[in-house]
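The block underneath contains the structure these notes are about, expressed in structure tokens.
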Amino acid sequence: MLNKNDSSFTGNARSVSAIDWLPEGKLKLLDQRKLPTEEVYIELSTAADAAAAIKDMVVRGAPAIGITAAYGVVLSVLKSGPDSTDQVARDIEVLAASRPTAVNLFWALDRMKRVIQQHESNGSPVEALLQEALLQEAQLIHEQDIAANKKMGASAVALMRARQSTPIRVLTHCNTGALATGGYGTALGVVRRLQEENVLGHVYADETRPWLQGARLTAWELVQEGIPVTLNADVAAGHLMQAGKIDWVVVGADRITANGDTANKIGTYSLAVLAKHHGLKFMVVAPESTIDMQLRTGQDIPIEEREGDEIVAVKGQIIAPQGVHTFNPVFDVTPHDLIDAIVTEKGIIEYPNETKMRALFAKTCD
Ligand SMILES: CSC[C@@H](O)[C@@H](O)C(=O)COP(=O)(O)O
């Protein structure tokens, strides 16, 4: 366990780094379960540790899960040593089973598997070369995610400015910032960019029951960065819209299917319906690693259900009677016709549908 003095915070803005590869061959993660009250870092040495960290939500957010899994494969090869193909394959399966909804996990593991296959088909016997190639790939996945976020932030803000006068007021949901990605953020990257361009009217953050990603993480990131943020209970979103305080709802995504349907944190669908009712714009911001052209519609997306204790207790405090039944789906699907724009680093799709998705993302779904 480390403390914040030897952490990766840099400068006054304390640009947060939730995932770091250490030169001694370990993975350092900021334990997001402890925020905002404690800044605790953990160091991982095995792929099983990385899988557990994803499952237990030490690290969460679709791109961050993918990046962690990629480093998990590096840990597997470092730990297993030469002639370890079977063990690495088993570790990759364990990593793939850690969480079901964010497709970035499977996308990142596929990239890592391709490096292994390439190494094998070259007939290269030198294990060190594989380790090096895998580490390079994981670091590339990490760097590309940050670059994608910055590009999406710029093009999303350009779209917003083309559609309305400034300042621009945003409601966001869950945590989509540096903690959920390689750095900078998807939807929260747009908020950062609005602030950089000095056109951010205000940002409201849904608390995001039951895990409270909005209250604990989004509010924390924005406070760290000095961006004024107002936290609201999820159930206040409709009232905020009705009161004319929101221009755009901006969210991230865990999986976007070939027709533009979008799985994101539970509550996102309700926001999209509310936004439509109030004539507000609804934007999804996600890198290409979140696009799943293999699935035709959102009905095909596996929706994770987590334990009911996330609902019946808040920070260990029981808030419901013993014996109550619970239902805890942690994602929902927003149909594409409720979405005004999907912003990716490859381009923007306004009023998404399957034809437009296929035109931008050439892969087909079978
Ligand atoms: C850039 S993050 C986009 C999504 O991953 C985010 O909105 C979200 O739903 C995260 O869910 P979580 O359960 O915290 O992993």
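Positions of Cβ are set from backbone N, Cα and C atoms, glycine also.
Copied over from TrEMBL, here are the features:
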type	residues	note
BINDING	R60, G61, A62, R99, Q213, N264, K265	substrate binding site
SITE	C174	site 'Transition state stabilizer'
ACT_SITE	D254	active site, proton donor
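Known features from TrEMBL, placed on the structure.
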| residue | record | Cβ within 10 Å |
| --- | --- | --- |
| R60 | substrate binding site | 26 |
| G61 | substrate binding site | 31 |
| A62 | substrate binding site | 30 |
| R99 | substrate binding site | 21 |
| C174 | site 'Transition state stabilizer' | 30 |
| Q213 | substrate binding site | 27 |
| D254 | active site, proton donor | 30 |
| N264 | substrate binding site | 29 |
| K265 | substrate binding site | 28 |
Inter-residue Cα distance where the pair is the residue listed as 'active site, proton donor' and Q213 (substrate binding site), in Å: 14
Spatial neighbours of the residue listed as 'active site, proton donor', counting only the recorded positions G61, A62, C174 and Cα distances within 10 Å: G61, A62
For the substrate site built from R60, G61, A62, R99, Q213, N264, K265, further residues of that chain with CB within 8 A of the site's CB center: I65, A102, C174, N175, T176, A180, G252, D254, V330, F331
Distance from C174 (site 'Transition state stabilizer') back to R99 (substrate binding site), taken between C-alpha atoms, in Å: 17
Reduced DSSP assignment, K265 (substrate binding site): strand
